[in-house]
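Novice: Sharing the feature lines straight out of Swiss-Prot:
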BINDING   GLY12, ALA13, GLY14, LYS15, THR16, THR17, ARG117  ATP binding site
BINDING   THR16  Mg(2+) binding site
BINDING   ASP34, ARG58, GLY80, ARG136  substrate binding site
Amino acid sequence: MSPCAVVVGPPGAGKTTVGRLLAERLGVAFRDTDDDVVRVAGKPIAEIFTGDGEPVFRAMEERAVAAALAEHDGVLSLGGGSVLSERTRALLAEQPVVFLSVGLAEGARRTGLSTARPLLAGVNPRATFKALLDARLPLYREVATWELATDGVEPDALVDRIVERVTADRAAGRE
């Protein structure tokens, strides 16, 4: 069993929104590994970061991704930092991965000063977001089967493009 699509990207790219719409359109279940981590930890991600530290969160995230890839056959959305794990990137190598990219200005606008996004809650969220994009962009591209820019594109239009690609790959026997 493996997901029909795995959605990755930085914070604010629309992973959860697009993932839910995609699952609905394909008639499959949706799963978000951030939700899995919160359920297992019994507390929000921001509290895990502040109380336990980022390394503890990343270990929990890595386990959640591995479990979801093994158990879930619908659409799977991963946390923005999940690609930092070498193990996770290796597991994604054989998966249909959709990388939702977002530009600096749009990403900073979408994420703002959200305290729910602990890595972006600093003094200068735009500079923090740029550093995050610079560090992660090569990793997102490493795991991506497809890359779709989200700036100025409605979620439904993104889903249309993903459905076309997933359907074409299924027809060609590349699931």
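Note that the numbers count up from 1, one per residue, in the order the chain is shown.
Glycine residues also receive a Cβ, built from the backbone N, Cα and C atoms like all the rest.
Not measured: the values here are computed from a predicted model.
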Novice: Just the number: how many Å between the Cα atoms of THR16 (ATP binding site) and GLY80 (substrate binding site)?
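Specialist: The Cα atom of THR16 (ATP binding site) is 11 Å away from the Cα atom of GLY80 (substrate binding site).
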Novice: Considering Cα atoms only, can you say which of ASP34, ARG58, GLY80, ARG136 is the nearest neighbour of GLY14 (ATP binding site) among these binding-site residues?
Specialist: GLY80
Novice: List nothing but the one residue from THR16, THR17 whose Cβ has the fewest other Cβ atoms within 10 Å; the candidates are the binding-site residues.
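Specialist: It is THR16 that, of the binding-site residues THR16, THR17, has the fewest other Cβ atoms within 10 Å.
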Novice: Taking the Cα atoms as reference points, how far is ALA13 (ATP binding site) from GLY80 (substrate binding site) in Å?
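Specialist: It is 9 Å, counting Cα to Cα.
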Novice: Could you state the whole-number distance in Å separating the C-alpha atoms of THR17 (ATP binding site) and ASP34 (substrate binding site)?
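Specialist: Cα-Cα distance, THR17 (ATP binding site) to ASP34 (substrate binding site): 13 Å.
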Novice: If you skip the near sequence neighbours and keep only those at least six away, which residues in the chain come within under 8 angstroms of ARG136 (substrate binding site), Cβ to Cβ?
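Specialist: For ARG136 (substrate binding site), the qualifying residues are PRO10, GLY80, GLY81, VAL83, LEU84.
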Novice: Let's check the environment of LYS15 (ATP binding site): how many other CB atoms sit within 10 Å of its CB?
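Specialist: 25, counting other Cβ atoms within 10 Å of LYS15 (ATP binding site).
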